[in-house]
């Protein structure tokens, strides 16, 4: 028995060490955080805070407004997709002052760069239309959860096109988020609106996944444009790309709205809209503003911080959108959806850890 007692004594003596190690790690983290804070100006942190807030508020608000459009009598998927890019002048208003303050000139355009913007604009227009169909048939909370699968496609297309690394954590994230999508599919019977048929729900599910896949492809192609054509990543160059892509997406979507005849039907749709024409106009205007503010916020976060922080904020905004949809739109929150939310959040966490590890290895 004596050896056991001696071992126990040694264990008691060694037990304080983990706590000391833990507090030393906390102290080290605080020191590094303070040093990182001092390395940047106050304006940098203010801008980063505002950009993060834009992502966390504007994107969920845009999703809620898209679903509100359909709930209150809107019927045009083309109008919803058009509104998503109608706010492109906001990007121009933010871009032009950067030339003055940074004392730089606009990036010269060449044929390859223009063609890349046209292709990305067309793909963005198609992507917005797919998401518009998804929100027509799915609850906002479900659509937001399914849209998080764009992270999976971003990782896969980034690996295939840009040769980004895939480590075990990122592969683990892909598996978890795919599992979360499967869980939502199992809950289709209790997750539909009364006026939506099962076939429409399935189509909304498919459109959302396809939109997420296309979104992942657009993200990878945008990164490829920076690597192959632009060769640099400064704030005004990022804004230029966002402006040009949004502008061409707006042109393509405007053509679609005109050809479909939905522009001509806006007047009658506004009259039958719940709350009247004023509510109809406000929903469309705020949809355009919130979506563009969300995009600008995400662009600024990527430039000012990193893709890791953008991933963290994306992970946070998914439950924010779901909670807002439950409160404001009275979406159902079944046990399946809660489980899917938890699994999705875990997948985001794994992706963030994997991206952080890859960044450290490359540096």
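Going from the start of the chain as shown, residues are counted 1 onward.
Just so it is clear, glycine is given a Cβ too, placed from its N, Cα and C backbone atoms.
Database features, via TrEMBL:
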- 45-66: transmembrane segment (TRANSMEM)
- 78-101: transmembrane segment (TRANSMEM)
- 113-134: transmembrane segment (TRANSMEM)
- 140-162: transmembrane segment (TRANSMEM)
- 169-186: transmembrane segment (TRANSMEM)
- 206-231: transmembrane segment (TRANSMEM)
- 243-260: transmembrane segment (TRANSMEM)
- 280-305: transmembrane segment (TRANSMEM)
- 312-330: transmembrane segment (TRANSMEM)
- 336-354: transmembrane segment (TRANSMEM)
(message) Using a cut-off of under 8 Å between C-beta atoms, tell me which stretch among 113-134, 140-162, 336-354 contacts the transmembrane segment (78-101) the most.
(response) 113-134
(message) Short question: most Cβ pairs under 8 Å with the transmembrane segment (312-330), which of 45-66, 140-162, 169-186, 206-231, 243-260?
(response) 45-66
(message) If I count Cβ-Cβ pairs under 8 A between the transmembrane segment (140-162) and each of 45-66, 206-231, 243-260, which range comes out on top?
(response) 206-231
